[in-house]
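All remarks here apply to the structure that follows.
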Amino acid sequence: MEIRADEISRIIREQIKDYGKKVTVAETGTVLSVGDGIARIYGLEGALAGELVEFANGVQGLVLNLEEDNVGVAIMGDFQAIREGDTVKRTQQIASVPVGKELLGRVVDPLGKPLDGKGPIAATETRRLEVKAPGIVSRKSVHEPLQTGIKALDALVPVGRGQRELIIGDRQTGKTAVAIDTIINQKGLNVYCIYVAIGQKQSTVAQVVEKLNRYGAMEYTTVVASNASDPAPMQFFAPYAGVAMGEYFRDNKMHALIVYDDLSKQAVAYRQLSLLLRRPPGREAYPGDVFYVHSRLLERAAKLSDEEGAGSLTALPIIETQAGDVSAYIPTNVISITDGQIFLETDLFFAGVRPAINVGLSVSRVGSAAQIKAMKQVAGTMKLELAQYRELAAFAQFGSDLDKATQETLARGARMVELLKQGQYEPMPVEKQVMQIYAATNRDDPKKRGWIRDIPTADVVRWMREFLEFADGKHPNVAKDLASKRELTADIKTALSKAITEFNEVFQPTPGAKV
């Protein structure tokens, strides 16, 4: 075998030409201590606040504390396998999550990783968890209604696109039910929804996902789940991951709704994180910046100006109170940040008034700007009348001799309470709400004072349900005209009055029921 020098030199030249110097340089540190989801790391001198770092076992962490000789890192995953002395490296990336329509119909964790077993998510865009909220110039006042499908809310505590409306109440009063009904009602309205479950049982989240699937709402909804068994950092960052996903729709000329269920648990997770990071505690052991935690989150919900694309992100944060105490630290913080609150009361819930909305304490600071004209026409004085009824009902318990006007007000109020009762998972289109409320509050004829005046109180719920069925069958144009014109014109009033009169002639009250 002949060895040719020129052949060998040619091969060596090719090897030298194709040689690539593949050396990766990473700034590394060492774990000093680890426990309860927090690691202290020595050596990451160039680390940024909010930067992701990677531990030796592949688990990621988020830099929260920058101190003279170490950094405090929140571990975003299982910290049991991390040991003192392990190597940690910087990723030089600020924490971000995948966003886009690819996440619709999926259940993900706060890092955007799928939890539903449907395979990887093919999102092409990512967004940072923490970004600055839109400024004053970028915003527009809230003026479009976001229909919840719940009569008591759309009539008395209206929510607009871009608003922050707090849902507050004790446990087991129907807070999540109000939020889920609102999500279900967005079907066909081009509103994308994000449901953020913070510190909840996995079985509870599974039930919510199952209900959303059953009513066809998962096709436009993303569920961000941080379960009760997840580390505190995951529970703390879940709302920020959800709002980053919602901002994608807001900034791309679309409308989105985000539900935080619930921010009380996020505050508890943040308190745990802060105490483990040795930050000084304040009132109720919460750190001093817990107000800022919620304000910077909720300020990202906005209605953008026409120049910015006119998109919107509406937030429905949920807060759980203890024994109805709305003056506690976290409830008062969030009440002061939001544009109104829906207060759910235990006593009303157990009295069978569901949704258990306390109309006196609930308020929307956007008001009738977030209502269609037809709803303004029929529900204008409803809140005042209900408040008067509650006051009179309290006094009526002590006296039996009531004058006729008082008896009339009490009877009318009792019917109005019945009118506002609504089953779970039964959101109602706004035009049908208007038809029902018109029947109860019509003021065109002062002698009538409502078409259901002579209907027994116990039959009001059945009357409302059967009236809509009757109107759909015999007078379908009334609902169609209301939906298209969005106001009660003289023609619609005439047609609606005719439909109610015809129905009252055929309605059969329950035998023996009191009027």
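In case you wondered, yes, glycine gets a Cβ from its N, Cα and C as well.
Swiss-Prot has this to say about the protein:
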type    : residues                                                       : note
BINDING : GLY169, ASP170, ARG171, GLN172, THR173, GLY174, LYS175, THR176 : ATP binding site
SITE    : SER362                                                         : site 'Required for activity'
Task: Cα-to-Cα gap, SER362 (site 'Required for activity') vs THR176 (ATP binding site), nearest whole Å - done: 17
TODO: Quick one: of GLN172, THR176, SER362, which of the recorded positions has the smallest count of other CB atoms within 10 A?
DONE: GLN172
TODO: Counting Cβ neighbours within 10 Å across all chains shown, tell me which of the binding-site residues ARG171, LYS175 comes out on top.
DONE: LYS175
Task: GLY174 (ATP binding site): tally of other CB atoms within 10 A of its CB - done: 20
Task: Environment of GLY169, ASP170, ARG171, GLN172, THR173, GLY174, LYS175, THR176, the listed ATP site - residues of the same chain whose CB lies within 8 A of the CB centroid - done: GLU320, LEU344, THR346, PHE349
- [ ] Count the Cβ atoms, other than its own, that fall within 10 Å of the Cβ of THR173 (ATP binding site), considering every protein chain shown.
- [x] 26
- [ ] Count the other Cβ atoms sitting within 10 Å of the Cβ of GLY169 (ATP binding site), across every protein chain shown.
- [x] 26
Task: ASP170 (ATP binding site), number of other Cβ atoms within 10 Å - done: 17
